[in-house]
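The region 'Disordered' annotation in Swiss-Prot covers 1-20. Summarising the annotation, Swiss-Prot assigns N6-methylated lysine to Lys5, Lys10, Lys28, Lys37, Lys80 and lists similarity to another entry as the type of evidence. Per Swiss-Prot, the feature N6-acetyllysine maps to Lys5, Lys10, Lys15, Lys24; the stated evidence is similarity to another entry. Positions annotated as phosphoserine by Swiss-Prot, on the basis of similarity to another entry: Ser11, Ser29.
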Amino acid sequence: MARTKQTARKSTGGKAPRKALATKAARKSAIVTGSVKKVHRFRPGTVALREIRRYQKSTELLLRKLPFQRLVREIAQDFKTDLRFQSAAIGALQEASEAYLVGLFEDTNLCAIHAKRVTIMPKDMQLARRIRGERS
């Protein structure tokens, strides 16, 4: 069966959109005519490495601002109700949070590599936090 070309879409956080049934019939008719061009696919891991290099070069924030702001406000509700935040304060919290997470993922990746794996697992993150002294 011929493959169809996939285009990059921005994630909305919900379920992936379902393909229409009409595409199946269109694909079958295209196979008969033989006009389907083979789709170029990168080898597994190539796109991941490209994304790693891209995000290591960039300096912009990786988490969206509004979802992060909602999370901060939700956590702050547990301590005191009706707290107000300056936008600079939330920006500083986001910078610090992202720097912490990036460092943690770097250490987690080193733990996975030490175990002769390329896939990080929860036990790698637990080991990284334990070595850092964050959790016993």
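Backbone N, Cα and C atoms are what each Cβ position is placed from, and that goes for glycine too.
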Review point. Where Lys37 (N6-methylated lysine) and Lys5 (N6-methylated lysine) are concerned, what is their Cα separation in Å, rounded?
Key: 9
Check your understanding: Measuring Cα to Cα, how many angstrom lie between Lys80 (N6-methylated lysine) and Lys5 (N6-methylated lysine)?
Key -> 51
**Study point:** Collapsed DSSP category at Lys37 (N6-methylated lysine)
**Key:** coil
Review point. Near Lys37 (N6-methylated lysine), how many other Cβ atoms are within 10 Å of its Cβ?
Key: 8
Practice item. Have a look around Lys5 (N6-methylated lysine) and count the other CB atoms within 10 A of its CB, chains all included. Key: 8
Review point. What does DSSP assign Lys80 (N6-methylated lysine), in three states?
Key: coil
